Amino acid sequence: MAESFDVIVIGAGPGGYVCAIRAAQLGMKVACVEKRGTLGGTCLNVGCIPSKALLQSSEHFEEAKHKLAEHGVNIGAVSLDLKKMLARKGEVVSSNVKGIEFLFKKNKVTWLKGEGRIAAPGKVEVNGTTYEAKNIVIATGSESIPLPGITVDEKRVVTSTGGLELEQVPGHLVVIGGGYIGLELGSVWRRLGSEVTVVEFLDRLVPSMDNEVGKAFERILGKQGMKFRLKTKVTGAKQDETGVTLTLEPAAGGKAEELRADVVLLAIGRRPYTEGLGLKQVGVALDERGRVVTDAHFATSVPGIFAIGDAIIGPMLAHKAEEEGVALAEMLAGQHGHVNYGAIPGVVYTWPEVASIGETEEQLKARGQAYKVGKFPFTANGRARAMGDTDGFVKILADKATDRVLGTHIIGPDAGTLIAEIAIAMEFGASAEDVARTCHAHPSLNEAVKEAALAVDGRPLHI
Ligand code: FAD
Ligand code: NAI
């Protein structure tokens, strides 16, 4: 007889593995199907974790080379051991993915190894064995979007996966797409010695970002040596023994030109991955962008089949997938799981970091919302000065009438950590005054957040 589960989750990324663990915590019998040899999905294996390991290592390299001397620390010639840096990244990934295996054992989640296919509602097939499930969760994630005319070989023309594995520092790295991946991995290789040119179709980097922050970001990355070709499209690529010749054209059309690269990183976005799941046969509806259509309770068009994470609508972020995994598990247990989509932070882990939550100034203007702005630069923050990291600022947007925080955008040292206090403030429906009246430790970077909140009401103390 087929083994039967309360929940079978397909995909063990941050959405799937977290959903499986939470469901098991709530007393359900749970299995999670994963076809990759290790758990953790894109994020732990070829995404968040390895990219952050390389960002950290390359930042240390750059500090040793260019920043420590200003602190009076002289260390002489600095050299790069790329092999060791990549091996360390591998170890970081390996310990993280093994950690998920441990958590599965601890919570009695069964890992069904192999590719899962929904044979029928309530039935999942893995390696020729059919399992029964009261509830099926699609958490199959996403894959990078291809660009017609560009063939990825993960050596000379790479996606983020190959871009985390380059065996040599490219002389010239051309990045197609000025978004999260392009700027993070572009930063890694620039710090390690590459000349980096980012070709972006639109007139700005990370288009979803608050414009003022986006402009500051472009200026700061430019100062670091990254080059930008905005409003430009790539129309072709010719690969040879030593590199790639790209054909570029203005986005609006016009005269073509060539750009030579040693390595090309293709990073123009990701799309949901649902191949081989059998969704069409069971009648699970997809939207025009290939995302699984769900209602507010993550239910698809077929009863008993749910979907979360990168495979559905919303920002393709690990913590968004995790929140959805928890919320869905709680709903399946008869509880009231909930995700507040208005308070999901987004962080670009360059240096300085860029973090944002809630609405941008452009979005507030577009919906006719009256708002107040409070800004505070890191040049006026004692801790940032002590660190020697004064690039950037905090910008808080609050409702003009009620003072409620509507959005916050930070470019600066540790912005990704600083944004958490605003996430909590927004969850509690705080006003800028609430943040301003909260005692912040001195000297800390968080004081810049407090000062920006004070500035919302025109009364910053240190500027
Ligand atoms: P995934 O993590 O993609 O996991 C899906 C899993 O399902 C995969 O392991 C896949 O093998 C498996 N699968 C698919 N189909 C089947 C099947 N039929 N049977 C069995 N298994 C299957 N997000 C952040 O929040 N912060 C970051 O710093 C960050 N950095 C990133 C860096 C890079 C280079 C990339 C590419 C992404 C990054 N992301 C980051 C995004 C993040 O990785 C995703 O948002 C997140 O992994 C989505 O989780 P998920 O569970 O929906 O899917
Ligand atoms: P992205 O959506 O962040 O950026 C893609 C960029 O490519 C956009 O600026 C877009 O305008 C541009 N573009 C699209 N088509 C183009 C073309 N033909 N030519 C030139 N430019 C073009 O996508 P990216 O960087 O691939 O990352 C995918 C997703 O992975 C992100 O959106 C994010 O959700 C997630 N991610 C998150 C990270 C984080 O949280 N720190 C880090 C890395 C990825």
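From the backbone N, Cα and C atoms, a Cβ is placed for every residue, glycine too.
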Please work out, from what TrEMBL records, which of Cys32, Cys48 forms the disulfide with Cys43.
Cys48
Which of these, Gly27, Gly76, Gly116, does TrEMBL list as part of the FAD site with Lys52, Thr140, Gly141, Ser142, Asp310, Met316, Leu317, Ala318, His319?
Gly116
Among Glu165, Glu200, Glu257, which residue does TrEMBL annotate as binding NAD(+) together with Gly177, Gly178, Gly179, Tyr180, Ile181, Gly182, Leu183, Glu184, Gly269?
Glu200
Whole-number answer please: how many Å between the C-alpha atoms of His442 (active site, proton acceptor) and Cys43 (disulfide bond)?
35
Give me the count of other Cβ atoms within 10 A of the Cβ belonging to Gly177 (NAD(+) binding site).
24
The domain 'FAD/NAD(P)-binding' (5-325): mean pLDDT?
97
Can you name the residues of this chain that are 6 or more positions from Met316 (FAD binding site) yet have a C-beta less than 8 Å from its C-beta?
Ser142, Arg270, Asp310
State the Cα to Cα distance, in Å, between Cys48 (disulfide bond) and Ala318 (FAD binding site), rounded to an integer.
8
Using DSSP and collapsing to three states, where does Met316 (FAD binding site) fall: helix, strand or coil?
coil
